[in-house]
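Annotated compositional bias 'Basic and acidic residues' per TrEMBL: 819-829, in sequence order. Taken from TrEMBL, the feature domain 'Ig-like' covers 31-146, 171-236, 248-336, 341-441, 446-538. Among the features that TrEMBL reports, domain 'Fibronectin type-III' is placed at 542-640, 658-758. The annotation region 'Disordered' is assigned in TrEMBL to 811-842. The annotation signal peptide is assigned in TrEMBL to 1-27. Summarising the annotation, TrEMBL assigns transmembrane segment to 773-802.
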Amino acid sequence: MASGGVKLNSASITILCWITILGFAQCQKIPSLQIMPAASVQRKPVGNSLLLTCRPDVPDSTLISDLRWSDSRNMTIPPKATKYYYPQFDSKGRKLPAKAGQSSPPIYTESIAGGQALALLFNSLQESMAGVYYCAASYSVTEQLAASVLVETYVAITWKDAPEDQRPILGEDYIVRCEVYANPPATVDWLRDGDPIKSSGRYVIENRGLLIRNVSESDDGLYTCRAAVISTGELAKRVIRVEVQIKPEVQQLPTVLNAVEGQSFSYLCNATGKPVPEFQWIKKSTQQNVADIDRFSVNALTGQLDISRVEQDDHDTYTCVAKNAAGISESTTKLNVLIRPKIIEFMNITVPEGQEAVLACRAFGRPPPEITFRRYGTTEEYRVGLQVSDDRIVLDMQENAERSETIGNLRISQLDKTDDGLYDCIARNPGDVAYKVGHITVEYKPNFDHLKALPPVYTWEQRPANLSCFAQAIPNATIEWRWNDRRVADLYDINMKIEEQGFRSDLIITPREHRYYTSYKCVATNRLGRDEHVMELREARIPEAVAQAKPRSVSATSMTFDIIPPAFEKGLPITAMSVQYKEEFNPDWNTAMNRTWSPDSPYIVEGLRPQTSYSFRFAARNVVGLGPWSAYVVHSTPKRSEPETPKTLHTPIQEEDEEDDAIVASPYADHFELRWNVPVDNGEPINFYRVKFCPGSKVNGVWTELEGACLEEDITTTTHYEMRDLQADTYYRIELLAHNAIGFSRPAHLLLKTARGIDVVLRVDDRALSSAAVIGIVVGCVLLLLLVIDILCCLIGNLGLLAMMCRRTKRSPSDLGDEEKLGRDDEKQPLNTLPDVGGKMNSSVEFDGRGVQIRSGEIIGKNSAV
């Protein structure tokens, strides 16, 4: 044991010695300079910026001095604040020529990390900046430290001539251009739709790009020019859209085109080509582009030639020219100009009411046109002679063949105001149809028919009121205002001001006294007569008190009221209804809450507290102001409870045999979207809805569900639910409930009938039998049950019909006679109670739609008819 202890102590001493030696070695750190990033070669593309940081790694950083950066020629690179540094030699030692006004980005140094490190910055690398850069420093005056890094540059892939859109011509050879510059040089390959293109057949890869021989339309598409520099790992792609162009080809024009003088003319020149060609029309006699001629227009995209008004000089030969980037094509036709009818005279007339009006229309054309008339905006034309629909109107026509003129006269006797308006004169010949609009102005005395239905004018609190008056009259009537049968203009009342606006006159009244609230007369006069109209100015007042307000529906947090508004005068309607409400025992209405509704909106007060009694009062508002508060109501809100029953948003169909649940027909056989309104939550927010639907049927007014076929789901965020995988031509009973923190609402029920499908599955109501079938099954079951009981009674107690029949077959005739006597004597005695062994139980038979149920009852004697 002693020797073992000596060995252990020696090992421990050896370990302690090594730890001491290693610690001493670490304490004696070798001074050096570290350049970050740590890689000895920094390879960057031309144009990028670069930051190199030199940091001393020494035991005592305070002994570092003269920390600097220098280039491969041992020229110190100064800091930015001193001057810019430009390299004088390239990476191969060749002297760079000095350029006047050289603006290359500088290289400079900058002290960072509180002076503990020196950064070398390249703002924008150039090829000339490649080379070795040295970092040097003095440590403890006598020791020199140094580190170096090699900066290499390369030129990134640059697309020299590679347009992204290129358009070859169909049938020609074409080079899809893609020239690339890079240093080191890049290799180029081509892809189409992700597949490589090889030089073979119609495709040849050249230095300038991809040569396509005999271009076809199938060469349309996207081509990828891919450049790669293996030494740098750089990869770039250029997607080039190639769109094959096709030379245009004009569709042959007709030899002659007919146009009518004075009428518009259009013709479409069709041509094929890619891209869509542009069109021109050239007039042969002048070699002029017709787009530059007045009245002519050409749609350069569609080739349509339009002449707004054809003239005789337009008779000429025209050429349609179609051109695109691929070529040019043309076709020629002759334009033949015809003379169409011209209406040379059609005058407006003005005739007093009750007299005869004559509309005369004179037209020219070859051959002389026929003339007729019609009311403007209608399609029915007047015929020559007396009109069947109106015997006041006669049309006559005189034709002058030598002058190629026709005169048509439309005569209207006993002219009426309804005859006033525009009339079309229509002149026709084989060349064309000419139209011109004339006007019959019917003069009549003034009238105020349009003002009689207007309400009185209201004002209040000395606000100016505007009584506007204008009469219907031709010629326009002059307006005169009268007040108490005196001309307002002669009163010189500063509270009355007349403003004339042509045929309209406004009387502006400032009612500073109550006497101004009265009637005013507007008198209109023209040379045919006069008429007058009485206008009334009334003082407007606030509405009267609200007649009645009653709560219609009440929840824990809201009340809906039925409000009977006060009566209002014509022209002074109720504009709003207001309510104030407060807790019942709060005596101060100044602290009450307010709510205002538009008259046609539901009167709902929300945000109430549950189990709280509120006082309400109501008022109506018009343009004058708010009426008095009235219709006081005191009502309490119930306690917080489950939500109200949701209301489904489906229109039920009417069926006589369904009274309890609303029946909705689904337009689909296999699905249905159930929708509902958000019900009142009664003080607690609704957190989900529960939808349950079951297939089934109704038998004798009792709903029967198909066992195990019900589906149930909770809906949390929406108010609709889509029922899927339904059976066609089947009834479904839907139950919808709303839930809050208190519980479920009362369910809303809906009976759904799905549509008939093409493949109708087994229907639920097939399980339900008709009434006759049910009765037949019940009768059969009863008879079978009686037979079973009778057999049991015969075997156990020799009783029942079967036992009696067996005894009769075994007995002699004399015995049968005695039995008959005995039977007659027994019939005179009451029935005796038999023991359980010899009796049988009374049974009831019921059918529940799925099977027969038998229930036992009282004991029946042996001679029972059962």
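Including glycine, each Cβ sits where the backbone N, Cα and C put it.
Keep in mind the model is a prediction, meaning the values are calculated, not measured.
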DSSP-derived helix, strand and coil totals, residue by residue, for the domain 'Ig-like' (248-336): 6 helix, 51 strand, 32 coil
Mind checking how the domain 'Ig-like' (171-236) divides into helix, strand and coil residues in DSSP? 3 helix, 38 strand, 25 coil
Mean of the pLDDT scores, which run from 0 to 100, over the domain 'Ig-like' (248-336): 92
Tally of helix, strand and coil residues over the domain 'Ig-like' (446-538) according to DSSP? 9 helix, 52 strand, 32 coil
